[in-house]
Structure formats: C-alpha cells, structure tokens
C-alpha cells in the first residue's frame, strides 16, 4: 500500500528490457518505485495529473529509443492496469516510461508532458500521471450515467480494451485518483478526445459533464484544476477528423476552465488520424508548457533528439528506375542517390547498396531518408532493411537479382551510354514473354524472346533469322538481360546503325536463381545449373525453331552469357560444336580450366577449333573479381582465335555486360 508522501526511489537496478515472450524467470526487474516520507499526509510537492481520452491519448506511434528511457524519479506513473512484462502493478507508483497506457500501446502526449514539467519545475517537485484511454471511445464512455448503454453498442474490437478497465474507464480513473490523492495533489486534467464525436453538437457539454464529475468525485476546486484539451491531427487541413478542430477550439466557451493545446504543425502518421512519434513529442511538450505557465513557471523544454535533415539538391532528378508517381529515389549530378520510405512504426531502417550500409534518418514526418556516397555509373541492386528484415523499396521497379526480387537504381552515364538507351527514330523490336513445355523436366518453363523491328514487316514474312541464346548470371533470371541489361535497346541501336545483323535473341532461366550450394569443388560447380543443358538442347531450341522464323543450322546459332551464364556457355557450346558456331562470355565464371585438356581437349587442335567457332569473345571489368585475362592468354598461346576486352572502370556488374554485348553482336553471323 502506497503511503502518504514520496521518499527515495527503491530498486537501484536499471530496467532490463526483455522480450515479452521470455519466461517469467527472465523478465525484467520491477520498475523503480517511490517510498514514503511522511505517513498520512499528501506531499504538496507531488503534482498529479489525470490523463484520459481515445487513441491519440492512448498512444499510437511506436516509441523510439529516446522515449523508452525513464527521465528519472521525478516523473512517476500510477499504472491503470497490470503490466507484468515491465514489472508494473496497477495502483503502484513507478518511474514513467513508454508505454504509459497499457501493454501494446504506443507513445502518448503524456510522456513528453511529464518530461517538460520535470525540466520546467523546481527539482523538489515530482510529477505523477494516471493514464486511462481507449482507442475510438466516445466521450459517453467516460460518463457514469452512459457507460452501461455504451457497452451495448461498443464495437467488438473495443471490448477487450474496455474490459481492461472492468468496463468502466471513468471509475478506474477516479479510483486510482483517490488513491493518488493520499500521496500528492491533483493539479490538472489532460484530455485528448473528440475524433469519434466529430460533428456532435453535444460534445462540449458532455466534456464539461466529465470534468464536473471528476471535480465532484475528487473534491477538486475548478479554479485550481484546469482541463487541457489537445487538438486533433491536422495534416495540413487533410486530417481525417479535421472537422473536429473547430469544436475543440470552442470548448472554452462551454467549459471556462479548459484550455486548448494547439496541434498546429504537429507531424502525423500516414493514416492522417494519429500523430507520429515526433508529433506526440511536440504535442506533449505543448501540454507541459501550458501547465507550467498556469503554475507560474517559465516553461523549459527537455532535450529532444531531432532527426538529421537530409538536404536534396534542387538539381537532383528522379531515377529512371523509380516507379512513376514517386518522388524518390533521386540522383544528383555527383552520382549520390537519395532514398525515402514511409515507415513511421519502424525502429531502424538501413539502406544496403554497393556493398555499403547507410543508417537511414527520420525526417520527423514518419519517413526515413538516406543519401549515399557518390555511386559508380550503371545499375545497382539495393535493399531496405527494416527492423532487421530486408524489404524491397516500394518506390522502385523490381529486378530479379541476388537470388530474389530486388530493388534497383540506375546511376546514369553520359552520352557514352546512348547505345543501351532507346533512341527516337530507331525502330524498336519486341521482347516477348513466352511459356513452353519442357519434356526434360515435365513442366512449363518461361523464356523471353527478342525479335528485331523488321521481323513483323509484311515484306519480311518469309525471311528467317539467326538466333543468339543469351544467358544471365547466378542469382538472376531470364528477365535480367531485358530489364537490367537493356538488351533490346542495344540490339535495336546496333541493327539500326548496320553494325549488327538482325537476329532473334532468346533468354531463359539457367536454373541458377537459387544460391550456389555445391561447395568449392569441381563437382559442385559442374552440377550447378547443369539441369538447364538438356532443356536448352532438347526443348528450347526445338521450340524456338518451330515457332519462330529461324535459321536452324549451327552456322546461325550463337550462345553467350554473363558470369555463371558464361560458365554455362562454355559447358554447352564446347560440348556441342555441331549446334553452335559463335561463343561469348562476359565476366565468365570459368575457374580451374586446363585449356589443353578441358572439354575432351577441344582446344588442342587450334585449326579445327577455329574453323568450327567463327567468333569467340570474352570481356570482364577492370575492377572485376572474375577476370578472363589469363584464360585468353593461354588460349592464344595454343593458337585459338579469341577476341577480348577489359571494360574500363567497371566491376562485376551490368555496365560491364552491356558493353560486352554491344562489342560482341557486331561480329555475329558474318563471314
């Protein structure tokens, strides 16, 4: 039983925050509690405030790190419900920290109201709050004469919250207030309610009735105990309950001892109904400042950790990979990328891009923002890690990479990148999404097929075309070359310039979407993606030759691939020289190759090989971790004709592979 006056706080150990799911033996220590100084006499320097209302008093925003620490023994809470996970017992004072209302509620204005009074009032004065609030409750729910009828019409989702207060929130508030009066003096009443009663002309009168009941039941003097009513979310005039603002502003006309706490400029969550964490802090400070002035003290604000503001240059432009209608991601002229995501409930958001992680910063409006270092030109995958889980940025187009759907951003090159961009006046080919049945795997499979612009012209109705089978890399899929690689634009531009002959390009999944699990051994490498080879040879090629106007002989069939797709290209072409006459790899994942004996000694007779393979090309990036320079050197020493190029300033990335494709295709199907 709490006694008449407050003494020092018991239990010197700090609060241990443990998950609620842990066993009782591992739960946190009980919160610090107050002891008594004098028995039977209220402490005149212990100021108590009653807090009631609906969801914005209950608290809707997730508390952040600065909200979870107690401001010390001068700010106390008498819980209105038991909260075992925090060691709280109903009716027993403890140090106040979020959440104040009930388990699973959020940050409330009362949190920073108390902190503001601690900062503003003399050190010998303590602050205590009693907090009873229910999301969505009508003001009738706090009227003793109306509660029984209200219980009959209350929505089902509210009944559990009502039951937490024994179906009488007003009675719970008064019972605890009477107990608290043995320890201190009630100095004010804080209310945030009205959204549910928007447009109700009787609302102000019912608020006055609640206030009068409290004053009567607790023997309070109205001239000494004001009611402080916070206004609703405004959201620049677009708040869901903006119609309630006027009736709250006019409350003092009915209740002369009330004061309205402005919510102008208080930030809100995306629902435009509830404040976000920054908005609750600001509104809470305003409650505290109003009370401090009423008590005769100059208000002082507690320290609030403000979000770091990220300035976006005026010349920053929306990335081409951004979903239309979104403002972010953006890129500036230095190649820095700017990201923003609305995540008002998130604790931590991290941007993961280009092998670097950036802690995203709150902007005070429910968003997280980040700016990167200058990024290399080209395409980059990225993820947003929210509370420890990777998510795709909803503002960006999606791309299959990293073994899953991913976010991506393009950092643009200058005019040197025009070869992979669509150009006005250049006829555009088609990229078709097709499904075909694989007898090898007894299932339907998906492929992408590029046909040149002239393929559909009536004059070419009988013309046949050579085919390039083009493979993606590990962790990607058949859409990679047309989405990340811009293959179709490379083909269109090269064909329009007369640099490449019109050809069909077929892109299929190489069965290497999932991570490589074969271990660091030759057998594992040989097996990874090998299931695709019989599908390609026995299902896909026959399907393409049957359904498209192809030239179906080996002289008119090429294969190329990037990274592991280059490995697959070697495996397929070098063991099927009766079916392919052209070969290319871009950052090809070709390891441990003994050129003298590989593939049954296919390179041993250079003259014979050079007759069968009309053109062989290998490229890699200057900063690539997979380089083919040594293999090229060894092949040339054997007399094998192989063209090669090192892409300047690029790594194992799509810009390397775009360049490789652009350099490869002009040599195809020409004798």
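Any Cβ shown, glycine's included, is placed from N, Cα and C.
Annotation comment: Swiss-Prot describes 55, 271, 274 as active site, for acetyl esterase activity, evidence class similarity to another entry. What Swiss-Prot lists as region 'Carbohydrate acetyl esterase' is 1-296. Taken from Swiss-Prot, the feature region 'Feruloyl esterase' covers 297-671. The signal peptide annotation in Swiss-Prot covers 1-24, and the record cites sequence analysis as its basis.
Within 10 Å of the C-beta atom of residue 271 (active site, for acetyl esterase activity) sit 14 other C-beta atoms, taking all shown protein chains into account. Note: the Cα of residue 55 (active site, for acetyl esterase activity) and the Cα of residue 274 (active site, for acetyl esterase activity) are spaced 8 Å from each other. Non-local contacts of residue 274 (active site, for acetyl esterase activity) by the CB criterion (under 8 A, 6+ apart in sequence, same chain) comprise 55, 56, 60, 61, 233, 268.
Using a 10 Å Cβ-Cβ cutoff, residue 55 (active site, for acetyl esterase activity) registers 24 neighbours.
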